[in-house]
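S.K.: What follows is a single structure, and I will ask about it in a moment.
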């Protein structure tokens with residue numbers, strides 16, 4: 001028989017909704033299935049996906065709360081009488097953030113309605129290549145058929161299940177933003193499984209790697225006054241430029257976040273006081289240590305939400321190691337008429353804007369006679385740690401690997417934001433690095449910026465890089481004064497020269 | 001022209017006290033008159049090529065007796081203190097926002113002008129000092145003296161105590177910048193302050209009348225209001241002349257909605273003192289530009305920000321034949337910053353038809369010196385220079401204003417894309433949801449190349465800088481569309 005819908009999207013997050021709404025613009029019959037499986041702690045949320053509910057949005061708002069804490073300190077230097085004590089109330093912040101997120105959930109539902117997209121609050125799984133079986137919370141079943149199906153179910157935080165107590169007592173980012181009460185003294189565990197290298201390992205190219213949840217959360221928790229510790233087995237911000245990653249963590253350390261480096265937890269127990277006792281191994285010293293915390297948050301990676309989709313029934317191929325759906329440049333899976341976008345897809349950056357763009361372009365190719373493919377190169381990204389890090393293009397090490405250190409030129413500068421002067425803030429980690437090809441044209445391969453408003457700074461330059469910007473073109477661009485971004489147009493000291501890269505503003 | 005100099009073009013010899021100066025026995029290779037952004041950048045660059053350089057810098061005190069150190073307008077009475085005080089005002093707003101984000105502190109928050117001004121002046125002092133150190137390190141001779149031409153290749157330097165010295169040089173660079181204009185009405189010089197005085201005012205200005213609609217006027221009015229002062233802006237006609245008027249109006253509207261009073265189409269005709277003090281009380285009488293109406297108002301401080309005049313009338317330019325625009329005082333130069341006198345160059349705010357911006361002066365100064373002494377050929381690129389107005393709602397721009405684009409290309413040949421946006425950080429504290437705005441202007445006939453970029457919102461400068469680089473690379477609308485946004489930031493809009 002005929003399929004009920006032209007397009008059925010499973011997953012109402014950034015990618016899914018963008019795809020659905022775009023398809024509806026072409027007058028197509030579109031439906032979206034969205035369902036949030038409660039977290040092990042019982043947290044759930046409305047329409048909109050990770051970004052809106054438990055990702056970018058609440059993260060940036062809480063990051064802003066932390067930044068405002070710093071602003072309060074700065075303000076005194078600028079003449080405002082904000083005397084100590086100043087303190088922060090979690091519940092006020094959390095409620096404000098949660099209210100805003102709920103308004104977005106509502107907004108999305110209204111938008112779908114306005115665009116005549118049918119919304120089902122149901123958990124979907126495949127019955128056959130054109131049929132999805134939807135299950136409501138109450139267990140009621142509905143069958144939906146569609147000509148094309150887009151899987152955009154995203155990912156959920158992983159738990160290190162081999163650690164005793166991990167599941168019962170730990171929370172994840174899914175829960176953090178919805179806590180009604182302050183998490184108190186919190187350790188954030190950033191635990192990387194050692195990558196076992198097999199002969200036929202697929203190397204994961206992490207250009208535009210997804211920002212680091214643990215560092216961002218640890219950052220804002222510290223900023224609002226909580227005693228926060230990050231435990232990590234190996235390196236932070238894997239996939240990012242490692243020099244920049246060190247500067248970021250260095251800053252966090254001076255900011256007050258504690259780090260337990262090269263440690264991994266072995267068990268979690270609950271104490272009578274309701275606090276949690278965490279035991280861990282310190283691989284450097286070979287010792288076992290223990291401490292108690294109010295909250296333990298796991299940030300050990302995200303797993304794609306593919307288990308309950310029944311992909312095997314229809315033959316959609318996934319990466320056997322990580323479970324992600326394999327797609328081609330068209331976002332097509334191994335099964336005709338079944339596509340996938342967003343965090344669930346293999347080899348793509350786990351970012352909202354890429355999911356949205358991919359979803360939109362897919363809809364245009366399916367229904368709008370477009371042939372434009374998604375360009376995943378040079379995707380800019382920002383890590384919203386207390387001192388922000390924005391980047392686009394290749395890390396220095398990736399550039400060296402690809403072209404050889406003799407064929408690249410790295411320009412860099414340590415600078416001081418004007419606003420830090422009167423505020424007497426430490427600018428030690430405010431740093432910019434631009435990686436270029438060395439040959440005549442000096443095309444820019446990568447740009448890295450640590451400082452305030454890093455996202456705002458990098459965005460425009462990402463555009464320039466998409467236009468093939470070269471170092472000489474950047475030097476021809478006159479700076480805006482006084483800003484931090486202008487320092488990029490003034491980069492002139494190379495790493496190769498060995499000269500001191502500290503620049504003075506005026 | 002550089003070749004011509006080196007090959008002994010006939011020089012006019014100066015006779016002074018019977019002595020004749022021979023070419024190639026000049027005291028200096030280069031004398032820079034004016035130690036501001038352009039002048040210092042050029043001097044430091046020239047020193048790199050082992051040239052013998054002198055910088056003459058002198059600050060004629062303001063009518064109220066105010067003066068400052070080495071560094072020019074930007075460092076002392078421009079960009080730097082302006083941005084710091086703007087930051088102080090932004091922090092005031094941040095304090096209010098922070099309560100919504102869960103922060104708790106004293107209910108009544110007040111601002112102390114002296115604390116802020118002291119901090120700002122201390123920082124400026126460190127910059128003045130820093131410049132003196134750098135010049136010393138680079139072996140650039142610096143004299144705190146007023147320089148003026150007295151004859152070919154010769155300047156007279158007069159210091160604070162009136163001691164005069166003569167110096168000769170092969171080449172000169174005029175970089176004397178500008179100073180605020182006065183109205184020419186009774187009481188203006190005696191009782192009014194300008195931006196030259198504001199940033200070091202030793203008392204809180206209190207209830208302030210800002211006269212003018214320049215970016216200086218609006219930026220100052222903006223931060224004064226942000227610090228909690230009662231501010232009124234008196235505007236003769238339009239806001240931000242020369243800028244995109246659609247945006248200029250949005251800026252004005254925003255300021256009005258946030259407590260700044262505007263008196264439109266009036267000009268002051270006299271300022272009288274009611275009571276002396278720090279601050280005192282002043283009575284301002286103003287007349288309408290559209291009729292006979294007269295109004296009066298009382299203020300603690302009157303800040304004049306009606307424009308700036310080039311410091312070119314009293315530096316002896318007539319003695320060496322350098323032509324200036326008699327009406328504006330500005331110096332016309334060719335595309336190599338050369339005046340009509342081949343060995344005399346000029347950079348910075350005094351140039352005719354060039355943007356009055358620090359980075360432009362610095363770039364022009366540096367490139368000029370590289371051409372003179374390092375065999376370079378690169379000229380300063382004055383096209384698509386980005387700029388930012390640091391009003392309470394910041395405005396970043398690069399390229400054409402909408403009306404200018406329409407005029408140049410015709411309305412049918414341009415496409416304007418625009419959007420309002422709500423910064424995420426403004427949501428929780430319930431700040432305006434329809435004020436931030438971005439627009440790009442594209443040339444349809446040239447592949448929809450982006451010829452104008454305008455953004456009104458927080459951190460506009462940081463946002464605009466990168467887009468300016470992209471515009472320099474010839475960005476088109478299509479390229480803009482295909483670039484992925486960073487999320488969530490304002491710039492992704």
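The count begins at 1 with the first shown residue.
The backbone N, Cα and C atoms fix where each Cβ goes, and this holds for glycine too.
In TrEMBL, annotation is done automatically, which means it is predicted and not curated.
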S.K.: What does TrEMBL list, out of B:125, B:307, B:316, B:321, as binding the same NAD(+) as B:212, B:213, B:214, B:215, B:216, B:217, B:218, B:219?
M.R.: B:307
S.K.: Less than 8 Å, Cβ to Cβ, versus chain A; work out which of the recorded positions B:74, B:83, B:147, B:349 satisfy that and list them by sequence.
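M.R.: Near chain A: B:74, B:83.
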S.K.: Sort out for me which one of B:74, B:79 has the most neighbouring CB atoms within 10 A, since those are the disulfide-bonded residues we care about.
M.R.: B:74
S.K.: For the domain 'Pyridine nucleotide-disulphide oxidoreductase dimerisation' (B:385-492), what are the DSSP-based totals of helix, strand and coil residues?
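M.R.: The domain 'Pyridine nucleotide-disulphide oxidoreductase dimerisation' (B:385-492) comes out at 40 helix, 33 strand, 35 coil.
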S.K.: Secondary structure at residue B:147 (FAD binding site) (DSSP, helix/strand/coil)?
M.R.: strand
S.K.: State the count of C-beta atoms found within 10 angstroms of the C-beta of residue B:147 (FAD binding site), not counting that atom itself.
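M.R.: So the Cβ neighbour count for residue B:147 (FAD binding site) comes to 24.
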S.K.: Consider each pair of residues in B:83, B:147, B:349, all listed by the record as binding FAD, and report the largest Cα separation in Å as a whole number.
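M.R.: The span, Cα to Cα at its widest, is 30 Å.
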S.K.: Fill in the CA-CA distance, residue B:79 (disulfide bond) to residue B:147 (FAD binding site), as an integer in Å.
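M.R.: With distance taken Cα to Cα, residue B:147 (FAD binding site) is 25 Å from residue B:79 (disulfide bond).
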S.K.: Taking the Cβ of residue B:83 (FAD binding site) as the centre, how many other Cβ atoms fall within a 10 Å radius?
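M.R.: If we count other Cβ atoms within 10 Å of residue B:83 (FAD binding site), we arrive at 22.
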S.K.: Which three-state DSSP class does residue B:74 (disulfide bond) fall into?
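M.R.: In the DSSP reduction, residue B:74 (disulfide bond) maps to helix.
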S.K.: Per DSSP, to which secondary structure element type does residue B:83 (FAD binding site) belong, with helix, strand and coil as the options?
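M.R.: Residue B:83 (FAD binding site) sits in a helix per DSSP.
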